[in-house]
Amino acid sequence: MSSKSTTTIQVDVRGPRFVAWVTTAVLVATLIVAASSAQTAAVILAGQAVVFAIGAWAGPRRHPYGLIFANLVAPRLGPVRDREPVAPLKFAQLVGLVFAVVGVSGFAAGVPLLGIIATAAALVAAFLNAAFGICLGCQLYPLVTHLRNQPKGSTPWHAPTS
């Protein structure tokens, strides 16, 4: 298993949906708390940022919420029917991390509107994944990999310049 790249490793689709529901709850809590304490909202969101970082770096099988799914929820479910690749999920966690860091920075720096906007954006993405199975980060992943693999001196829409 360790010889496989992250593009071929796949996980049960129900795990990331569970993770998205927990993330949705944390982000809703952050927004509710932000109404009375930006500093407390920053602490909650910083915790979620750590969770996003673990997911982006280690993948869904080592993600804290993913471990809860694997150990407590999955054993009670039927057999896996659908799987999805890990790489887009890791990228989606990275996108979540970026929004969380911006949000924490806003709350901590006394710019709560920035914190609220960044948290709300992450919340929309998490809720879309949880409720409808639409992973925005996963949808962006192919575009990012395409842009990253462009030859030097080229643009995504043109041949290499000489």
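Heads up, residue numbers simply count up from 1 along the chain you see.
The backbone N, Cα and C atoms fix where each Cβ goes, and this holds for glycine too.
Per TrEMBL, the feature domain 'DUF4395' maps to 11-144.
What TrEMBL records for 18-35 (among others) is transmembrane segment.
Per TrEMBL, transmembrane segment is recorded for 41-59 (among others). Long-range contacts of the transmembrane segment (41-59) within the same chain, counting only residues at least 6 positions beyond its ends with a Cβ under 8 Å from a Cβ of the stretch, are 6, 9, 19, 23, 26-27, 29-31, 33-34, 65-66, 86, 89-91, 93-94, 96-97, 100-101, 103-104, 107-108, 112, 115, 119.
Annotated transmembrane segment per TrEMBL: 91-110 (among others), in sequence order.
Look at TrEMBL and you will find 116-144 (among others) tagged as transmembrane segment. Within the same chain, residues 13, 16-17, 20-21, 23-24, 27-28, 30-31, 34, 41, 45, 84, 87-89, 91-96, 99-100, 102-103, 106 sit at least 6 positions outside the transmembrane segment (116-144) and bring their C-beta atoms closer than 8 Å to a C-beta of that stretch.
Residue counts for the domain 'DUF4395' (11-144) under DSSP, helix first, then strand, then coil, are 108 helix, 5 strand, 21 coil.
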